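Step one of this worksheet: look at the structure below.
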Amino acid sequence: MAVSHNVGSKHGVAPLEVSVEAGNGGAAEWLDDDGRPRRTGTFWTASAHIVTAVIGSGVLSLAWAIAQLGWVAGPAAMLLFAFVTYYTATLLAECYRTGDPETGKRNYTYMDAVRSNLGGAKVAFCGVIQYANLVGVAIGYTIAASISMKAVRRAGCFHAHGHADPCNSSSTPYMILFGVVQILFSQIPDFDQIWWLSIVAAVMSFTYSSIGLSLGIAQTISNGGFMGSLTGISIGAGVTSTQKIWHTLQAFGDIAFAYSFSNILIEIQVSNNRDLVLYTALQQDFPPLFLTKAAVLTLVLVQDTIKAPPPSESKVMQKATRLSVATTTIFYMLCGCMGYAAFGDKAPDNLLTGFGFFEPFWLIDIANVAIVVHLVGAYQVFCQPIFAFVERRAAAAWPDSAFVSQELRVGPFAVSVFRLTWRSSFVCVTTVVAMLLPFFGNVVGFLGAVSFWPLTVYFPVEMYIKQRRVPRGSTKWICLQTLSVSCLLVSVAAAAGSIADVIDALKVYRPFSG
């Protein structure tokens with residue numbers, strides 16, 4: 001027997017019904033205003049979530065990005081993206097609740113916020129962008145994992161045969177291996193909610209990032225000073241003026257991508273373990289996003305862990321975002337700048353796989369193994385929302401079909417004919433596409449570029465204008481729209497740079513040659 005309790009407020013918010021089993025009425029004391037278990041997150045836990053989320057393999061391409069821009073524009077671009085990320089995150093924080101900032105209806109995901117504030121076709125547009133990003137992330141993770149696996153083999157080869165040996169090998173077999181592992185793991189339902197997954201992701205992420213930073217510092221000391229120039233790679237010596245322009249634009253995409261948290265988090269429906277699971281998807285090794293987008297997308301989910309007002313969740317989240325973005329920017333500035341200082345114009349597009357470093361080979365192997373382990377789990381975290389979306393549609397369309405609904409459980413695996421066919425096909429398609437386009441830096445730049453403007457800037461700005469009723473034509477409205485248009489131009493330019501570089505690379509690349 002269930003008893004319905006109305007939870008209202010003096011602000012006139014529509015009451016929420018909370019079902020409490022008979023004899024357990026006191027449990028309502030442990031529930032928030034929406035009937036969910038009371039949230040306990042604070043400024044410090046929110047800050048920790050965001051920092052852990054941001055640190056990902058995107059950091060490894062920052063040295064290359066700064067090499068394209070130079071000592072002046074490189075750090076300046078990083079600071080600019082950090083500011084945009086912080087500012088748009090604060091706008092989104094205001095949209096966690098619709099209406100009153102303390103008692104209004106909660107929006108549990110980014111999509112909920114868009115639906116509550118904007119509605120209509122914009123909700124569909126947001127969904128298309130998000131799911132397209134997730135597919136891109138799956139492809140990107142496959143590329144990144146195969147490159148790191150190949151780097152482990154090459155590091156051993158260089159150590160055994162000397163640096164003069166090219167130690168060439170194809171990444172295709174490693175992509176196939178990664179795909180086989182993902183087919184296996186994709187048959188585990190709710191893989192993204194395994195409690196220890198986020199802990200492993202956090203440890204792996206900090207491991208390879210710290211190793212990359214340490215090796216950069218050691219190499220700079222060994223060089224006896226900083227390398228590089230004020231304007232970055234010079235035209236000439238194999239670099240045309242056109243290539244310089246495209247690489248510069250791509251660098252913006254790489255920087256933005258490195259900062260991203262992943263939009264995947266806002267799609268993961270977690271229960272009481274939300275605080276732990278949160279870390280995983282955020283490991284934006286790839287995401288398709290920018291520091292900006294990541295911060296913004298993750299914000300809603302992190303914010304849903306913060307305890308109820310006072311102070312309001314938006315105030316706490318704004319403070320947490322300020323601290324976490326500042327902390328991340330300092331760390332990224334160190335990683336990118338020390339990598340550029342160590343290698344100058346020859347900085348590789350991936351600090352740990354481009355073999356700027358050869359020794360100690362075992363330390364490089366540890367870093368690359370950490371990347372692979374991280375990406376194995378992160379791939380599933382990003383793909384689970386896609387899997388769930390298609391399977392929900394299939395179940396609704398054919399509710400009585402044994403092909404769709406009947407499943408066999410073996411340990412952690414839950415296998416149905418439809419799930420096995422659909423998920424395996426998805427993994428195979430992303431793996432084949434990765435084999436066709438195995439360009440780490442270009443994919444990172446493109447993914448960051450295409451998702452930067454809509455998810456990091458456009459929707460937060462539009463939702464904030466609607467939520468706060470900013471008058472059209474006012475100074476604030478003009479400034480916000482100027483920011484949105486400017487970021488759109490940056491996003492388009494960065495995407496163009498990455499596409500141009502891919503086209504240039506395809507002129508000499510043979511498919512499946514790795």
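For all residues, glycine too, the Cβ spot is worked out from N, Cα and C.
Just so you know, TrEMBL annotations never went through curation; they're auto-generated.
Record features, source TrEMBL:
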- 39-269: domain 'Amino acid transporter transmembrane' (DOMAIN)
- 299-503: domain 'Amino acid transporter transmembrane' (DOMAIN)
- 43-66: transmembrane segment (TRANSMEM)
- 72-96: transmembrane segment (TRANSMEM)
- 194-218: transmembrane segment (TRANSMEM)
- 323-342: transmembrane segment (TRANSMEM)
- 362-383: transmembrane segment (TRANSMEM)
- 420-440: transmembrane segment (TRANSMEM)
- 446-465: transmembrane segment (TRANSMEM)
- 477-500: transmembrane segment (TRANSMEM)
- [ ] Mind pulling out the one from 72-96, 362-383, 446-465, 477-500 with the most Cβ pairs under 8 angstroms to the transmembrane segment (323-342)?
- [x] 72-96
Open item on the list: Using a Cβ cut-off under 8 Å, which residues of the same chain at least 6 positions beyond either end of the transmembrane segment (420-440) come close to it?
Closed with: 61, 135, 138-140, 142-144, 146-147, 171-172, 175-176, 178-179, 182-183, 186-187, 349-350, 353, 383, 386-387, 390-391, 394, 501-502, 505, 511-512, 514
Open item on the list: Using Cβ atoms and a strict cutoff of less than 8 Å, what residues sit near the transmembrane segment (477-500) while being 6 or more residues removed from its termini?
Closed with: 84, 87, 245-253, 256, 292, 442-443, 445-446, 448-450, 452-453, 456-458, 461-462, 464-465, 470-471
